[in-house]
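I have placed the structure first, in the form of structure tokens, so that the comments after it can refer back to it.
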Amino acid sequence: MTGYLPQHPETLVWVGVFLLAELLAGFAVTRMKNACLALAGAWLLVVGATAGIERWTVLEPAGVRMLAIISGLLFGMKAVVSVEQQAAGRERLRRLNWLLFAAAWPGMRPTAFAAVFASSRSRWRELLIRGLRNLAAGGLLVGIAWSIVWLPGETGAFSTRVWLATIFLLSGLSLIVHFGLFNLLAGGWRLAGADCQALFRDPLRSTTLAEFWGRRWNLAFSEMTALAVFRPLRGVMGARDATLLAFLFSGLLHELAISVPVQAGYGLPLLYFALHAMAIQIEAWFSRNGLPVDSLAWVGRLWVLGWLLLPLPILFHPAFLRGCVWPLIGVVDGL
């Protein structure tokens, strides 16, 4: 866990103060009456907060930097999507509702918190149970990853064991965070009256990349890119080019969350999302010409898994694994 232990604890205090100030500034931006100025202020907040946090944490371990930068991006983008929805005619949230939406939920639909603390919504218990189950399964996989590396009697070179453990570790972390904690949050907020939904919806059932990215994997991210990039640009440049820019924007955000914390591997996450933007265009071409990749479900699933997994080392490059992933199981020296 050395990658997540701050070298200078006072830095974390200042980052916390900065994030609180960013949150309050984001709320103030959503109250601006001029929509153009509000949107400019929201994007300025994203850029300024991210740059400031990156500089403040430059001497901290990669894990600390990653969490701080992601928090800054998240709070800033909450202001952007709120302003965009208000510009589209949606009613703005009350103060407490917006602060809860911005600080206590990873989703990007402000309207989900319009009726928070009203009557409970259905399916909250199901989400809580599913979250607990996935949390336990993820913890088991992380435990297996640790045992592959460290338990006496394990055979094979240390580097080989670490790479094998990485498969279990990444899968376990996804179950813990994406399918565990996020479902627990969704269930808790539905119990409190917010219209929060599961953000990850059986992604392995996807038979096209459009389905995977648009309706099943990380709906917080797809909501954000739709509100902040795709919809504003679709009327200007058309759906195809707006989709391309939405994927490139996603790649840029992943650069900030993956490469910038470890100060290495620049361009690789962006390349991963550029490849997927290209793959979705290929997918659309097949459909237009009567050869949809999902004409047979198993073919579609192979298509999706191939595009996701084969270039995955580009997204989670070795520098990121060394700085942010392997320290979670005690691997701190480079391989």
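Backbone N, Cα and C atoms are what each Cβ position is placed from, and that goes for glycine too.
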Taking 36-53, 270-287 as the choices, which stretch does TrEMBL tie to transmembrane segment?
36-53
Contact set of the transmembrane segment (12-29) with the rest of its chain, CB cutoff 8 A exclusive, min separation 6+ beyond the ends, reads 6, 38, 41-42, 45, 49, 52-53, 56-57, 64, 68, 71-72, 75-76, 78-79, 82-83, 95, 98-99, 102-103
Touch test for the transmembrane segment (131-151) and the transmembrane segment (65-84), at least 3 Cβ pairs under 8 Å:
no
